[in-house]
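Colleague: When I checked TrEMBL for this same protein, it listed these features:
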| type | residues | note |
| --- | --- | --- |
| TRANSMEM | 23-52 | transmembrane segment |
| TRANSMEM | 467-490 | transmembrane segment |
| TRANSMEM | 521-539 | transmembrane segment |
| TRANSMEM | 551-568 | transmembrane segment |
| TRANSMEM | 588-614 | transmembrane segment |
| TRANSMEM | 635-657 | transmembrane segment |
| TRANSMEM | 686-706 | transmembrane segment |
Amino acid sequence: MAEVEKKEVAAATPPWKPKPRPIVRLGIVLISHSLLVSVVCCTAGVVALFLLPMLAKNTYISENALMPGSASSMLSNDDISEAERLAKDLTSLNSGAADAGIERRRVLAKYLSDLGVEVGYHKFEPHQNQFHPLHFFSSPDSGLSRENGSCSSYGINVVGIIRAPQADGKEAIVLVTPFNFRKNSSSEALSISIGYAVFSLLSRVTWLAKDIIWLVADSQYGEYASVASWLRDYHIPVFSASSSHNADSCFEGNNINLLREESLDRTEISSGFRRAGTMAAALVLKVTDVKGQLEDTLSVYAEASNGQMPNLDLINVVNYLAVHRQGLRVKVEKFLSVLRWEWIWVLGDTLNFIGKVAGSLNPEWKFGISTPDYVEGTATLANSLYRQALGIPTGPHGAFRDFQVDAITLEISPKVVYTNQGRRNEFILRSARLIEGVVRSVNNLLEKFHQSFFLYLLTSPAKFVSVGVYMIGFALLVAPLPLVAASLYVDANKPDPSSQGPKHKLQINFKPWKWLSAAKQVFTVHAWGVFVSLLPYFISQIPNSTPAAHSIIWFSLSTFGLLVLYLITKSHSKPQKGEWENLKSVTISVVFIGLLLMSVVNFATAQIGALVLVPACLLAQPLKLDIRDASLKSFLRIACNVFISFVAFPPVGFFVLKGVNEGFGDMDVGEFWTWLESLWAWNSATYIYIGMVHLPCWVLCLHILLHSC
């Protein structure tokens with residue numbers, strides 16, 4: 001009898017179910033409260049972005065072996081006088097003469113040969129960056145035009161190499177000085193004086209542990225083109241017989257043989273391409289005439305292709321030596337328009353007040369920042385973020401990063417045009433000592449730069465935001481995306497409560513075919529994005545066409561292609577329940593994946609894209625539902641959706657950004673095409689992001705807004 005009762009009790013007792021793990025329960029709670037999580041995370045992400053200037057840390061030297069400023073300068077007045085004599089010899093030649101460029105190269109080679117260093121000429125054909133879809137993700141050399149050019153289109157670089165007496169020639173330091181041999185420029189002659197003063201000193205010292213290469217880049221076809229051509233030949237030798245024959249046929253036209261025969265003995269001028277060791281670092285030196293300078297200024301340019309940055313230690317060494325040894329004012333580029341935004345000043349005052357209150361409560365809470373410092377840091381941070389997102393190098397140093405060489409461009413601007421010889425010599429001495437100090441620090445390295453950061457944003461020459469800090473804002477912005485996607489999928493697949501009995505527990509009714517239908521629409525739109533990304537290559541082949549005409553043709557063909565896809569894939573059946581939720585869920589998932597992938601390639605592009613796409617995706621809801629609801633919240637959502645959809649359209653976003661920075665006075669449709677052309681010409685990953693991630697997701701959000709639910 002007892003056994004029968006036990007069996008009846010066991011049958012009446014429901015089977016024991018194990019409790020879900022804490023991480024699963026946490027996920028369920030977050031998904032069920034996805035709206036609250038989205039508001040909190042997105043708000044925190046934007047706030048974290050505006051707090052970055054406050055969270056910036058002072059720069060410091062991570063690599064102890066660098067030891068900047070530990071040795072006294074060895075430059076003397078004799079070095080400066082000899083460098084000035086070279087500059088006078090170069091500028092005294094008549095620029096209008098046909099052989100002025102040949103004479104200047106001969107003079108420079110003679111001075112270098114007198115130092116006892118190896119001298120050579122590097123002849124190159126300037127290649128134009130051209131967009132080709134098959135070469136976009138290949139090596140830096142593969143996407144360049146290889147057509148046969150005329151002999152007059154060749155440039156000639158002058159190269160000097162110092163072999164280190166204390167090393168085996170496995171490493172080298174590169175100094176680059178752009179110089180147009182066909183023109184007579186006082187600023188370029190001044191940069192030649194600085195470079196020669198340093199090079200002449202290094203040719204005599206005995207402490208060199210790395211070879212020194214001085215590249216006087218022929219800048220008549222552009223500074224970047226001459227440096228990039230030399231680097232390609234340095235790292236990727238060309239053994240093609242056809243290219244060799246084409247080059248040799250133009251020797252006489254470019255007078256390289258004439259340079260070797262008439263200026264020096266053949267043994268002193270190298271007939272082949274001379275190389276040194278692996279490049280440890282590179283410095284590009286330029287002197288510019290900028291009016292209105294109150295003091296001698298050093299501008300540092302570090303951004304390379306696709307947001308690549310040199311090791312922060314290289315910038316730190318330059319900044320330390322320039323400020324604390326040579327008394328130069330160091331600056332990095334900033335958005336000047338940000339300095340005129342009144343709300344940024346109000347925000348700076350607010351943060352300054354909060355910092356003072358926090359400091360009064362606890363002296364250890366030292367996170368306050370003055371209002372001018374905050375505004376300056378925001379302007380510099382915005383420029384650093386934009387330049388990295390653009391993916392276009394800011395100087396010839398960008399060619400070195402393509403070969404994983406740390407390099408920066410140093411642009412020195414004297415406060416006045418020095419007519420007094422004493423003041424001019426003083427400027428050359430200070431600038432040359434700066435370069436000497438940087439070379440000595442890099443010379444001390446036992447291995448490549450690796451101690452400091454490669455991923456960072458600058459808020460000033462002496463402050464930076466590391467990757468561990470600025471990733472927080474991006475992570476907060478994208479964190480709600482998978483939660484909202486899961487929540488929408490759950491809501492779209494819930495059965496109708498009216499069809500359930502009163503005691504029946506609600507369950508999710510999964511229907512994979514609904515998800516596949518939404519995925520098919522998303523895939524179709526992204527295929528259209530690929531088509532739109534490839535169109536400019538074919539449109540650019542149209543002869544005698546203006547950028548404005550290119551823009552109109554591109555927009556027309558893109559719109560026509562989208563309409564064709566819509567008519568092909570349009571479903572004539574009645575919209576089903578949960579259709580737009582599934583579409584939005586898949587769209588958000590794709591945006592999440594695209595932003596994460598882009599953050600690996602170019603974080604700055606992903607950060608700016610998240611600021612636009614995340615609100616657009618989270619707020620997207622059929623306007624028909626909001627109009628039917630007719631509440632204040634619905635009308636606010638309609639206004640936000642219309643505004644974000646308008647600004648998120650790439651051409652509109654470009655002109656808004658341009659208008660904020662430069663004013664809305666002069667606007668030309670062709671400017672967007674020119675900007676986009678520069679992106680694909682430089683193989684910027686931002687171009688791929690705009691065409692294959694941002695634009696398709698914008699179209700999908702627009703489709704959700706116009707959905708006939």
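Cβ from N, Cα, C; glycine included.
Unlike curated records, TrEMBL annotations are generated automatically.
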Colleague: Counting CB pairs under 8 Å, which listed stretch among 23-52, 467-490, 686-706 touches the transmembrane segment (588-614) the most?
Modeller: 467-490
Colleague: Contact between the transmembrane segment (521-539) and the transmembrane segment (686-706) is defined here as three or more C-beta pairs under 8 Å separated by at least 6 residues; is that satisfied?
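Modeller: They do touch: at least three Cβ pairs between the two stretches lie under 8 Å.
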Colleague: Are there residues at least six beyond either end of the transmembrane segment (551-568) with Cβ under 8 Å to its Cβ atoms? List them, or say none.
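Modeller: Residues packing against the transmembrane segment (551-568) from afar: 524-525, 527-528, 531-532, 535-536, 539, 542, 545, 651, 669-670, 672-673, 699.
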Colleague: Determine which residues of the chain contact the transmembrane segment (521-539) at the Cβ level, with the cut-off under 8 Å and only residues 6 or more beyond its ends counted.
Modeller: 131-133, 545, 550, 553-554, 557-558, 561-562, 565, 569, 583, 586-587, 590, 673, 676-677, 680, 687-688, 691-693, 695-696, 699-700, 703
Colleague: Six or more residues out from either end of the transmembrane segment (23-52), which same-chain residues have a Cβ under 8 Å from its Cβ atoms?
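Modeller: Sequence-distant neighbours of the transmembrane segment (23-52): 347, 351, 377-378, 381, 457, 459, 465, 469-470, 472-477, 479-480, 483-484, 486-487, 490, 607, 610-611, 614-615, 618.
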